[in-house]
Amino acid sequence: MEQDMDSEQGQLNVNSCPGEEEERHLQANNRDFNLQFEYAAWMKGTELLGENREVGTYSRSNSIKTSKYNFFTFLPLNLFEQFQRIANAYFLFLLILQLIPQISSLAWFTTVVPLVLVLAVSGVKDAIDDFNRHKSDNHVNNRPVQVLINGMLKDEKWMNIQVGDIIKLENNNFVTADLLLLSSSEPHSLVYIETAELDGETNLKVKQALTVTAELGEDLQKLTDFNGEVKCEAPNNKLDKFTGTLALRGEKYALDNEKMLLRGCTIRNTEWCFGLVIYAGPDTKLMQNSGKTTFKRTSIDRLMNVLVLMIFAFLALMCLILAIGNGIWESDKGYNFQVYLPWAESVTSAPLSAFLMFCVEIIRLGNSFYIDWDRKMYYPLNDTPAQARTTTLNEELGQIKYIFSDKTGTLTQNIMCFNKCSINGKSYGDVYDKSGQRIEINESTEKVDFSYNQLADPKFAFYDHSLVEAVKLNDIPTHKFFRLLSLCHTVMPEEKKEGNLVYQAQSPDEGALVTAARNFGFVFRARTPETITVVEMGETKIYKLLAILDFNNVRKRMSVIVRSPEGDLTLYCKGADTILYELLHPSCESLKEETTEHLNEFAGEGLRTLVVAYKNLDEEYFQDWIKRHHEASTALEGREDKLSEIYEEIEKDLMLLGATAIEDKLQDGVPQTIETLAKASIKIWVLTGDKQETAMNIGYSCNLLYDDMADVFVIEGSTSDEVLNELRNARKKMKPDSFLDSDEINIQIEKSSKNPKVLPDEQANGVYGLVINGHSLAYALEGNLELELVRTACMCKVVICCRVTPLQKAQVVELVKKYKKAVTLAIGDGANDVSMIKSDDFSFAQFRYLQRLLLVHGRWSYIRMCKFLKYFFYKNFAFTLVHFWYGFFSGFSAQTVYDQWFITLYNLVYTSLPVLGMSLFDQDVDDRWSLLFPQLYVPGQQNLYFNKTVFIKCMLQGIYSSLILFFIPYGAMYNTMRSDGKAIADYQSFALMAQTCLLIVVSVQIGLDTAYWTVVNQFFIWGSLSVYFAITFTMYSDGMYLILTASFPFVGTARNTLSQPNVWLAIFLSIALCVLPVVGFRFLKTLLRPTASDKVLLKIKEAKKRPPPPSPKRRLRRTSTRRSGYAFSHQHGFGALIMSGRNMRPKSPFATTGTFSPNSDKHKHKGL
């Protein structure tokens, strides 16, 4: 097939290898033509038949794959990943050595069993995680979609869709692949889509097909005959850009992003549409922005790799010393006793390493269950518990330094609420009691009853009854206020059933304002390109729409000019207070001052504010203005500037009506959570696809940004040089010394030929915030600017990146991980966050649960893991080094100092449960104090509880204890006689005494390390000691010796040795010498050089003596004078689209006449 297509491929100049694709060329309804290029083909080499639609006979070009393994690759890939842990590789190496009898005194199965156990536990866990990813992939790949096949629509699975296919989508369908819109049910082939999964925005966007394809409609024969050829750019991750051409019947038509429906979008408010598949599967822009599933390691795992190498070097050094000593001893004395003492090497201890990794996995699994079982992280409204979907990252939750959060759906609820307003100098929205005191609004507060309004939205809630009374009393300013809200907007109404109104708004803010007007009696009912129908207090009125003065980022306002049924000409305007205040008539000065006070109050509560005004127009002036407006709107050059001038001319001497205050509803507890996390020295970066103004509004409302900050830098340069200058100016203000040649980082950068791997933290001279938009971020992420970005941004307490793509989110996260030695956490709620999150490790329903996940579960997991590792290394250094000292007294042979059974059971039975009990139940303070004192979290960020220094201290303590545990029993046994005159200075008695001393010492040590005692801890410690003595007396009994003589040679040793007082005296002396220095050091360190954590713990101890009263639940309020510049985010030019009528449906039968009015019997319709 490839040979047949060679000449054609040469003419197309398109490389058939997807990895080298430079340009995409496809033909509609021609699979034979398109399959030659193997676009997104997963099953190469499969027979590809042009019209054969049987599943499995062609490439699954629209499949997605987020899993890591399949049935055949699981074992090799998983083992490869697990052996990247040097500990696993280390005792695999020791296993190989143990297979050689000449150099090991332990059987090979003592290492194989623990190794297989560790690999099996980790493998099963990884298999379950990947199985869930397979289920998710299969769910998406098997979604149904209608495909045009031989002139008929047939149901097909998503995974079987190919490039060049024509598919049909219906309302509320997910978009299957990246499609070129061909036609739709809407006028002029418009399609309304929701892009929340791509950019986080919930407002609707409009796409429009080419006129030449719009003619196809839903005529299946025309669609089947459609054979247009598309040439376009190769697959890429740019969500806001598409360039291509459509060749049809000898003509070429330009294609851009406005004609594309991207995978991840949802069809809204559109009955049906047809699209041509351009990119499928992994080539879609959504998947191009998604990162690959990665194998995540914790910082402790990485440290363990280093420590295992250190332990290996230490053991090698011990072996070298013993080997040299053995050589000297053998040549001096042992040579004459080779018949009795064959040459051998020292003992290895691989099972210790295996048991270490096994315990680590058990501890992580247990702490994961605590997250799953936490009822305080359960969200009852949608029955969602918290879930730990991985068991390998728990302790990392206690070391987070940077949080990267999405905004929409993560910090906010995606709900806009009309909260308050100011009308003619009076503020509405607050609720007062009988004494005139303002009360907090809660669930029990009485809502305004809108039942008198048959067209009211039942979901709308308002609590100030005085506003309804003003409306009912026909207060003129109040009526004008709500009339403006019902007319000045670009909302599209939908009414499929009489009285059941649904508003489709380009901006959720506009939807909230129009809904408020609707409930207070001014119902926006319908619109045509020339009219707006409003039901005012039950009376239907039709206003003639004469002009829409559209919004843009410079104007920060929008206006409409309408003619009322009475013939009055009025301009209604709404916009940012900073803009509209400059356009007001001088007579509004006093009202302006009163409104400003209200705006300050609204802004102080984090509400999004907007000023509304109007102007009555003179008929003669307007006719002259509309002519000049038409000339400006049709100008070929400078159209935007001319329109702006003509808009400003008429938007003067406005009469102020009042202001609105909208709440972009945050999730419950977001401000408090952010405040708590900030006290824990966690820096929060918000990465959102929303506009800059929207993102900053949320930043202020949730206390990320606040007025007490020294400055909030806004990076919005449009060139690389502008962005560089803005970043440097910001850094210069925060830390002027950072530009000196003597600066530590500057010296580090100069010395390094490449960028330094890790940048130390820099402290700013105050508290700063930084806001950067996606366009500027694209420049800042380039190689020559990324270092400047990370230095400037990381000095700020808060960073907000707005208008960013999913890929940019991932790049920002990787940038911080690259230059900062810090653990990061990414959190989001949609497909647009997948690339920065990489894999779904933990899930919970509300942002406020994050503080409990980190400050409670994360901190506990980190502390428990650190305590476990310190204790584990200590007890095994103490255990192993006794062998080393014994070598100097046993001819450096491989003889063990302990009984073989004790060696086998030491880690598996005698010391396993106490350390697991501590690692699963220990807590320095309970969850309440952990949240009240977030400063306790800081040591985890600084990795203070377990690092190389702590490891060396554990090793030195182990060396010291091993010296005590060997030489005290040795001295106590040397030439010692029993009370009956018999000698007990034999090897077996010494071994029993040494191992008893060791076990009691490590049991006392774990008691010192335990901060939180439970019945389980007590049972494990005392039970382990009891089991030791029970097993010891049993195995050293006469009966066991008679049954298995070779396996139990220590007959009678326990009863003969442990019955002697001097033996117990030596045991207690060993315990005292091992434990007292530790107790004394900890006491003096806490007294003389307390850490910040020690000081906080002391405060908690004092507070426990005097329990504080429970803090009242309060809503954080921000005292701020900052107000949102403009709340709206609809597309520029949408007003012109409305006026053209291209987005209009046929008129609603319920809105054509006044007979629709709910009170039509009482009120007469007023026409034009």
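One is the number of the first residue shown, and numbering goes on along the chain from there.
Even glycines carry a Cβ here, placed using N, Cα and C.
For D406, the entry in TrEMBL reads active site, 4-aspartylphosphate intermediate. D406 (active site, 4-aspartylphosphate intermediate): 26 other CB atoms within 10 A of its CB, across all protein chains.
Counted within 10 Å of its Cβ, the other Cβ atoms near F551 (ATP binding site) come to 26, all protein chains included. Annotation comment: TrEMBL describes D406, K407, T408, E510, F551, K574, R608, T688, G689, D690, R803, K809, N832, D833 as ATP binding site.
Here the Cβ of D829 (Mg(2+) binding site) has 20 other Cβ atoms within 10 Å, regardless of which shown protein chain they belong to. The annotation Mg(2+) binding site is assigned in TrEMBL to D406, T408, D829, D833.
The compositional bias 'Basic residues' annotation in TrEMBL covers 1102-1121.
Here TrEMBL flags 1150-1159 as compositional bias 'Polar residues'.
Residues or ranges marked as domain 'P-type ATPase N-terminal' in TrEMBL: 60-112.
Taken from TrEMBL, the feature region 'Disordered' applies to 1-23 (among others).
Feature annotation from TrEMBL assigns region 'Disordered' to 1099-1124 (among others).
Feature annotation from TrEMBL assigns region 'Disordered' to 1144-1168 (among others).
Positions annotated as transmembrane segment by TrEMBL: 106-124 (among others).
Feature annotation from TrEMBL assigns transmembrane segment to 306-329 (among others).
According to TrEMBL, the feature transmembrane segment maps to 349-367 (among others).
Remote same-chain partners of the transmembrane segment (871-889), defined as residues 6 or more beyond its termini with a Cβ less than 8 Å from a stretch Cβ, comprise 307, 318, 322, 325-326, 346-347, 349, 352, 356, 359, 895-898, 906-907, 911, 915, 918, 951, 954-955, 957-959, 961-963, 965-967, 970, 994, 998, 1001-1002, 1005-1006, 1009. Feature annotation from TrEMBL assigns transmembrane segment to 871-889 (among others).
Residues or ranges marked as transmembrane segment in TrEMBL: 901-921 (among others).
The transmembrane segment annotation in TrEMBL covers 950-970 (among others). Sequence-distant contacts of the transmembrane segment (950-970), counting only residues of its own chain at least 6 positions beyond either end whose CB sits under 8 Å from a CB of the stretch, comprise 307, 310, 314, 866, 870, 873-882, 884-886, 889, 897, 990, 993-994, 997-998, 1001, 1066, 1069-1070, 1073-1074, 1077-1078.
Counting residues 6+ beyond its ends, the transmembrane segment (990-1008) has Cβ neighbours under 8 Å at 871, 874-875, 878-879, 882, 897-899, 902, 906, 910-911, 914-915, 918, 961, 965-966, 968-970, 972-973, 1021, 1024-1025, 1028, 1032, 1036, 1050, 1053-1054, 1057-1058, 1063, 1066-1067, 1070-1071, 1074-1075, 1078-1079, 1082 in the same chain. According to TrEMBL, the feature transmembrane segment maps to 990-1008 (among others).
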Binding-site residues near D406 (active site, 4-aspartylphosphate intermediate), in sequence order, restricted to F551, R608, G689, R803, D829 and a 10 Å Cα cut-off: G689, D829
Between D829 (Mg(2+) binding site) and G689 (ATP binding site), the C-alpha gap once rounded to whole angstrom: 13
Under 8 Å by Cβ from R803 (ATP binding site), counting only residues of that chain that are 6 or more apart: T688, G689, D690, K691, Q692, N773, G774, H775
All-chain count of other Cβ atoms within 10 Å of R608 (ATP binding site): 27
Local confidence of the prediction over the domain 'P-type ATPase N-terminal' (60-112), expressed as mean pLDDT: 73
